[in-house]
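What follows is one structure encoded as structure tokens, with my remarks underneath.
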Amino acid sequence: MRTLNTSTMDGTGLVVERDFSFRILTACFLSLLILSTLLGNTLVCAAVIRFRHLRSKVTNFFVISLAVSDLLVAVLVMPWKAVAEIAGFWPFGSFCNIWVAFDIMCSTASILNLCVISVDRYWAISSPFRYERKMTPKAAFILISVAWTLSVLISFIPVQLSWHKAKPTSPSDGNVTSLGKTTHNCDSSLSRTYAISSSLISFYIPVAIMIVTYTRIYRIAQKQIRRISALERAAVHAKNCQTTAGNGNPAECSQPESSFKMSFKRETKVLKTLSVIMGVFVCCWLPFFILNCMVPFCGSGETKPFCIDSITFDVFVWFGWANSSLNPIIYAFNADFRKAFSTLLGCYRLCPTSTNAIETVSINNNGAVVFSSHHEPRGSISKDCNLVYLIPHAVGSSEDLKKEEAGGIASPLEKLSPALSVILDYDTDVSLEKIQPITQNGQHPT
């Protein structure tokens, strides 16, 4: 280092020193990214292995599969590329082809698992009773197997048979990619056919499915929230009327205005949740797959259309892999997993949770509105049943909604079973985990 510092006057030493500093910063950043990906997904897997109740929910099967694919990205893909980035060349020789296959397989599996989760959540709230009957552990394993099988088929077979490589246009291009890298950097030119077809399967088709499913989820959730809000207004209205009647002044009986604001707040929370899910995924992967389809069309003339700098390409490659570090936060950070993480990390007693005031509005067999309130730790789940924030009873299936719109909207009270209770937790965020199917008696299946 001293020699470098004393030789900066000629310019060469300054370049070397800057390059060394850049490599150190790159190493630190990539190490943190890899460690965070390992920690987050390892915690998800360990929590599922340690706690049986996490394995009892079919939805968590897809979260586990997602965590496994992201964990493989952190083990089989990211470290090797990080070493190559720091060293400036690929030091692992013939392991290159296997690494490329692992890269395509793990990344595709992660994206397909995200797509399966979106379909699972849409089915759960659009047809809750059919979902309860059809979405068995066997059905979940079949969907997961399809996602992983497809990931293997578009990765190992084409790579090992060299179907993914573009044919060199000249003898000098035999070991050079469209990004201007030699085989020492373990980068090979993709053929146009493979680049487009693999991008369609790995990203464009799944992202289209996710956009459709999450858009429909929001529309269903919006209708549910508005109907729940109507129920709340009717319940509070009845309570106010009972109170004023007891005071001898039954004329003053008004509708609460705050219920409209709460309905808007809940709709906003659902929209924010779904926006984060789609926004993070698209921001991480879309730039890479756009470039992935552009690079094979890189021209050889003076203008060289669709050609990009290798550093730019690598940056967006890491952007895509960074999605694996964010998935545990987005998909496995509900109350069940948070409590499991706290127990595994030994901070359950050191991090006491705050309490929320929970108001329960229920309707007994006589049709009377009954109010009760209690306190529960923030993020806790009732032992009797899971909290229902988006009630499939109030929405029904998509077919029921169409019939109802044609024949007139029934009163929200008529949509409720006598034993159904609506849990109102105004401080709790809306997440996909809270969109759950329920049975005929208004309870979650055990």
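Sequential numbering from 1, following the chain as shown.
In case you wondered, yes, glycine gets a Cβ from its N, Cα and C as well.
Positions annotated as topological domain 'Extracellular' by Swiss-Prot, on the basis of sequence analysis: 1-23, 88-96, 164-192, 300-312. Feature annotation from Swiss-Prot assigns N-linked glycosylation site to N5. The transmembrane segment annotation in Swiss-Prot covers 24-49, 61-87, 97-119, 139-163, 193-218, 273-299, 313-337 and rests on sequence analysis. Per Swiss-Prot, topological domain 'Cytoplasmic' is recorded for 50-60, 120-138, 219-272, 338-446, and the stated evidence type is sequence analysis. Taken from Swiss-Prot, the feature disulfide bond applies to C96-C186, supported by sequence analysis. The annotation S-palmitoyl cysteine is assigned in Swiss-Prot to C347, C351.
Most Cβ neighbours within 10 Å among the recorded positions C96, C186, C347: this distinction goes to C186. Rounded to the nearest whole angstrom, the C-alpha distance between C347 (S-palmitoyl cysteine) and C186 (disulfide bond) is 43. If you look at the transmembrane segment (313-337) against the transmembrane segment (139-163), you find fewer than three C-beta pairs under 8 angstroms, all six or more positions apart, and that falls short of contact. Ranked by the number of CB pairs under 8 Å to the transmembrane segment (61-87), the listed stretches 24-49, 139-163, 193-218 are led by 24-49. Same-chain residues lying 6 or more positions outside the topological domain 'Cytoplasmic' (50-60) and placing a CB less than 8 Å from one of its CB atoms are 117, 120-121, 124, 135-137, 139-140, 336-337, 340, 343-344, 433, 446.
Note on the topological domain 'Extracellular' (88-96): DSSP counts are 2 helix, 0 strand, 7 coil. The average pLDDT the prediction assigns to the topological domain 'Extracellular' (164-192) is 58.
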